[in-house]
Amino acid sequence: MTTRILTGITTTGTPHLGNYAGAIRPAIVASRKSDADSFYFLADYHALIKCDDPLRIQRSRLEIAATWLAAGLDTDRVTFYRQSDIPEITELTWLLTCVAGKGLLNRAHAYKASVDKNVEAGEDPDAGVTMGLFSYPVLMAADILMFNAHQVPVGRDQIQHVEMARDIGQRFNHLFGNGREFFVMPEALIEEGVATLPGLDGRKMSKSYDNTIPLFTSAKDMKDAISRIVTDSRAPGEAKDPDTSHLFTLFQAFATPAQEAEFREALLQGLGWGEAKSRLFTLLDTELGEAREKYHQFIARPADLEDILLAGAAKARKVATPFLGELREAVGLRSFREQAQATTATKKKAAKAARFVSFRDEDGSFRFRLLGADGEQLLLSRNFADGKAAGQASKQLQSGAALDVRSEGNAFTVWLDDACVGESPAFADAATRDAAVEALRLALQPQQD
Ligand code: TRP
């Protein structure tokens, strides 16, 4: 069995070393496993929630796409696309929005953090909160459920969102599945071995802390950032503690065990921080230099990137389009054409199931009944003196000719050639009578093929 792995990166910034080591590199490694079926995408709809600068959105989409490809993503093996090229995702978002509990979304960490901040500042709790922010987890659930991902590699801050996707998916399955599990339950995949890289100041590397080391922009940018890594004040010659040095942690994330051991030893022996930084730069430049070249080639050919992403979108939609069709069907958004057929099928069934039963009454006269699908009596004939006349009347009723039905108070009578051939009992009211007439007409309606 293949494992479907799916993850997205929000396109609001330029990828940095932390994104690469924490998300892109492990995802590419995972995609090479023989049983992996990977879906990787640019979460550009999510970007709109956080950013209203069109140029930045556009630039970031290009940079993140180029980064994945330069880092070695094989688009023949994986499905690589932009979220916004898959209209089925927005459509599914709505279907899921209609089953997602508001209370569930009230508990989302990101939303709650905004509310807490507002309350603390004495503002309206929802000040500055858009529906995009509030519904962020529903859009993310659609990303995941659309492709029935088994595993979703994410950072710890996203675990709750994957849990919400499970919750919402389960609810949909329960409401509309009719025993079928439309959606697979996804698992968040937190790779323990994967480094959460520290930034220049030692906190988690993140663009919101402004402490990142750029990945592919230029060797000079990388060198400049490295020079700003905060270290302790030990002078060259003094022993350094590798285990409390985030410069060492950064080195470790890209080094072989042998390189790591050598660097550790050198620090213990008093390697100066300036020299240590230059060794870190050399390591990163060796590891990433080739990919940086490729990155700049991709950036210089945006039309090629466009083609690659559109091909990826077409591949993704081969899965999404038919699946969304089934989901629309499940919730009741169905073609009227099929509906007409369905009604005809029911009619046929009713017509087929209806049957005439003839019998002799106590006084020896001949009568017949028309029984509906469930055996309920739709019509009871009057008494005929001879069986032939009764048979003829029932045949004539089945001929498909227009039925002559006349209302008599809350009852009705059925006529053939101006002779009454049957009389109903009195119904409770006119509406019940009309329903009975309708059922009779339906049962006698000629079958259409
Ligand atoms: N919310 C994720 C983040 O900010 C990005 C994302 C969007 C995502 N849709 C996803 C990740 C689906 C995994 C699966 O990191």
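Just so it is clear, glycine is given a Cβ too, placed from its N, Cα and C backbone atoms.
According to DSSP, LYS207 (ATP binding site) is assigned to a helical segment. Listed in sequence order, THR12, GLY13, HIS16 are the same-chain residues at least 6 apart in sequence whose CB falls under 8 Å from the CB of LYS207 (ATP binding site). The ATP binding site annotation in TrEMBL covers THR10, THR11, THR12, GLY18, ASN19, GLY155, ARG156, ASP157, LEU197, LYS204, MET205, SER206, LYS207, SER208.
Under a cutoff of 8 A between CB atoms, and with a sequence separation of 6+ in the same chain, the neighbours of ASP143 (L-tryptophan binding site) are LEU6, GLY8, PHE41, ALA43, GLN83, ILE89. Per TrEMBL, the feature L-tryptophan binding site maps to ASP143.
Summarising the annotation, TrEMBL assigns motif ''HIGH' region' to 11-19. Restricting the average to the motif ''HIGH' region' (11-19) gives a pLDDT of 94.
Taken from TrEMBL, the feature motif ''KMSKS' region' covers 204-208.
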Sequence-remote partners of the motif ''KMSKS' region' (204-208) [C-beta within less than 8 Å, at least six residues beyond its ends]: 12-13, 16-18, 196-198
Cβ atoms near THR12 (ATP binding site) (within 10 Å, other residues, all chains): 21
